[in-house]
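Right, one structure below, let's go through it.
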Amino acid sequence: MRVKLSGDIIVDSCFSFGGMAPFTICCPALSTYFAGKPWSREIIDGALEVMDKALHLPHNVPGGQAEYRQSLTQSFLFKFFLQVSASSHRLSSAVQPGEESCLSHLTNNFVHEGVRGVQHSCFPSGTASQEAKGQAGQSTKHMAGDLHVTGKAVYTDDMPLLPDELHCELLVSTKARAKIVSIDASAAELVPGFVDFTSAKDIPGVNWVGSILPDEEVFATSQVYCVGQPLGVVVATSPAAAKEAMFAVKVAYEELPAVISIEDAIHERSYFDFGPALPHQTALTVGRVTSERHRHMDKAEALDALMKELSEDDNVAIAEGEIYLGGQEHFYLEPHATRVEPGENDEYIVTSSTQNPSKTQKLVSMVLGVPRHKIVSKCKRMGGGFGGKETRSCFFSAYAAVASHKLKRPLRLVLDRDVDMATSGQRHAFLARYKVAADKTTKKLLAASVELFNNGGWSTDLSVPVCERALFHCENVYFIPNTSFVGHVCKTNIPSNTAFRGFGGPQGMFVCEVYMDHIARELGTTREALAHENLYRIGQITPYGQELDEDHVFVMWQKILQTSDYENRRKAIEQFNLANRYVKRGLSIVGTKFGMSFTKTFMNQAGALVHVYQDGTVLVTHGGTEMGQGLHTKVAQVAASAFDIPLSAIYISETSTDKVANTHPTAASVGSDINGFAVLEACRKILEGLGPYLSRCRTPQPTTDEERISTLAKAATLAHFDRVNLSANGFYATPDISWDWVKYTGKPFYYFGHGVACTEVEVDALTGDHKVIRADVLHDVGNSLNPVIDIGQIEGAFVQGLGLFTIEQVVFNNNGHLFTKGPGTYKIPTALDIPRDFRVSLLPNAPSKSSTIHSSKGVGEPPLFLGSSAYFAIKNACYAAQRDALASLASHSCKISGGGLSQGTTRTLTNGCESDEDTIDTTDCASTNGHTSLNGAQSELQTGDPPSKASPLSPPYFRMDGGATSERIRLSCWDDMNVRVRKGDFDAARHWAPLA
């Protein structure tokens, strides 16, 4: 934007905008309007009207977000007006108090302050010798950390090429649902370097496999059910040739109707059943009703009856609504990669980036028709997994194995980022409908009902257990005596969604915090205040009947109120918001209670193999996989403590099914728990035989690492000559857990991981941009195995949760194609999105009450939900922006030109209720399902429509779907500009938004 002034008169101007067309465009109509006019606030209303017409976008504009983009052009013009006015002493009077701060916000300031992090483990120091040894409980760096940062760590695609090794490329469907008419690879055969096209007809074993149920074809035969479903693999002598040949394959389709979104699935009643535990049942219920009058009824029916009674009680507040949380891309640094090496006698070595070597072994065995004892599945390390390589990685190894079997040559499959994102699934999107009741006097929660719908995709994969865990977490950290949580898994025509850090838990807890925000508004209080009144205490019962033996969240809540200086900061933020019109701050506290165990009981087991060598060194192999989370380091520390040797004398090479068989995926945050115990058991067995020799060789007080290694070496040598076994396998099964969905009995979780976070944000109300100013995190890890690694996991999980609940947005087009399939369209948090002031502490003196490895607790998943504290802080900032808008409208009639209103229409407000006509009474206003409506007509916008019932000092609850993207934030912060845009001819029902 450019303007030339002669005195106060505009003599020349130019305005160009990107993002409003395929190329940058000028707006000559705006320049014409400004020509010859004095530079003053009076010209802005007219300029906005000109922009309404000159920069209009239809609802179906490519790229979507029509309202937001049009609103941004007007916001940028207004900011330009303020910037020009503020830069001139003569014109500065045009800038009203509280407006200039928007010019110094992140949107206008491209020089950012650095991030300051403070980590505090709160653990007493061990002895100097313990710290030097790096044994269990001590902070020591990741064993492969130096390799990671120097680029020397070897990942799957870094492995040297084998003689005659080939490369393959996936051929995938381009239709969401269609019949396959033909597949013609003749053109591909002409590509230099082409070797083969492998399809379903080349599979020697079975073509139907699956993560739990066999409901996926390895290669599609007659019909495809999503964009990205594999049809075959093209094999060539180089990756480039394989890609070129793949694009040369011609596939003809006959398209069929597809179901893409959760809403589509609900309309079509397209659901998976909850087999194998509950076949033919498409709804799953968690809950309990304590009312004696209703206990004989079905849980959902009982809760409905109770809610009806409560709704007739004048002392009970009821809130009812709907909320949507979108999916999330794993975006691990290393995409899916696998290498299959055939050997003699039908032997195969599969090296892949997987969290699940045994499942990989199983699927390869099935598709090749080769017994599992001839297939070795290995994983040295992954460049991130986050759940995305728990099951989906196994399928890519199966695809490559079929081609390798056919050609009898080693073969490598490494996905490009866009192919990885478009084929391997994401975190499940969830839609929830809720109803909650609370006592107006005591502020105690009385009852809650939730109906969840998750988007499973075209096959079940892990969608059923994800839904189960979401249901188990719908009450989060709050005691609610009467509950009914019902879940459905939607069957749609998108790639099958899969595990992701938290595994449904964050989605369930998010729904809980949303209905807490909603009922708090009905009670005239804040979500934080209501939360404090309803936190779990020891002895209370969860909706699934598990009695709590810890109330760490209650203790941590009190502690973080003090350490974060919450009350003083809250008051300071109130003053800041009163003084600033277009920049708002928000503060929130969120807690988490995450169930620790696989909900499938049989999966809570692990094995290990330990060898002691005669030089005093130890080789450890266990069933867990290393994906950067430090599992190998922690397990090695357990072994180092057992043998009383330094960590440098322990080595873990890789995870392999020929060393430890029948393993389960490294997931559910229990990798250290179960594998640590398995290794400890193996060490114990060795020490039983080695003990007498250690007693003979041990010096009274070994003081150096060399002395400790020497002692073990001497003992091992003596034992070896006496023919004592220096190898042992260990096994561990988590005790005292079980769950039966049919009988609805058991204890699904061995223990809980707890955490609390307090987060402060700053929002630019004119653009929707935000920054996280400060985050205080307090987390419970029991007696940490390695505080520095645990703190790193907490920081990483928090930021990944920050992405889920704010900037990350998975978008599918109506035809089932993933729109956000690369870093150009999908944004994950970067260094500048990390809280400017990031304080992480571990809860001190809180050993696990359950029998866990060295009294520690798992840490991978529980902290992720704490990132939602940024979402709720943003929402509090939006409430502050809405309060200003309501106060302005309430104090005087507001004249808004254009934007779909007749010229000069005056909009007036009584008690915050807006009308096109004369002043109206607030009794005509109603709130329906979380959407504010006027005269009973429900609004379909889901980003905070200007309300019809409000107090200027206390805006009503508004629905803001997750994550809190810039678009949703901007459209939730009301002012003349976005009200103008939203009163235009946009069809809210067709408003572009994520479909899945």
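Including glycine, each Cβ sits where the backbone N, Cα and C put it.
On a predicted model such as this, the values are computed, not experimentally measured, just so you know.
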Item checked: 886-923, 924-961 - the one TrEMBL records as region 'Disordered' -> 924-961
Note to self: Within 10 Å of its Cβ, which one of these binding-site residues (Gln355, Thr599) has the largest number of other Cβ atoms?
What the structure shows: Gln355
Notebook entry, point to check: Which of the recorded positions listed here (Arg469, Phe503, Glu861) have a Cα atom within 10 Å of the Cα of Gln355 (Mo-molybdopterin binding site)?
Noted result: none
Check: Where Phe386 (Mo-molybdopterin binding site) and Arg469 (substrate binding site) are concerned, what is their Cα separation in Å, rounded?
Finding: 16
Margin query: Taking 10 A as the limit, how many CB atoms besides its own sit near the CB of Phe503 (substrate binding site)?
Written below: 28
Next item on the list: Compile a sequence-ordered list of residues in the same chain as Ala668 (Mo-molybdopterin binding site), six or more apart from it, whose Cβ lies below 8 A from its Cβ; state 'none' when nothing qualifies.
Entry: Phe503, Met596, Ser597, Phe598, Met603, Gly858, Glu861
Check: Near the Mo-molybdopterin site, what residues other than Gln355, Phe386, Arg501, Ala668 in the same chain have a C-beta no further than 8 Å from the centroid of the listed C-beta atoms?
Finding: Gly385, Gly387, Gly388, Glu390, Ala499, Phe500, Phe503, Met627, Pro665, Thr666, Ala667, Ser669, Gly860, Glu861
Next item on the list: Take the domain 'Aldehyde oxidase/xanthine dehydrogenase a/b hammerhead' (150-257) and count its residues per DSSP category (helix H/G/I, strand E/B, coil), listing them in that order.
Entry: 20 helix, 38 strand, 50 coil
Margin query: Around the substrate site formed by Glu390, Arg469, Phe503, Thr599, list the extra residues of the same chain whose Cβ is within 8 Å of the site's Cβ centroid.
Written below: Leu462, Pro465, Val466, Glu468, Ala499, Gly504, Gly505, Phe598, Ala667, Ala668
Note to self: Counting only residues 6+ away in sequence within the same chain, which have a CB under 8 Å from the CB of Arg501 (Mo-molybdopterin binding site)?
What the structure shows: Phe386, Gly387, Ala797, Gln800, Gly860, Glu861, Leu864
Margin query: If I restrict to non-local contacts, at least six residues apart, and a C-beta distance under 8 angstroms, what lies near Glu390 (substrate binding site) in its own chain?
Written below: Gln355, Asn356, Leu462, Thr498, Ala499, Pro665, Ala667
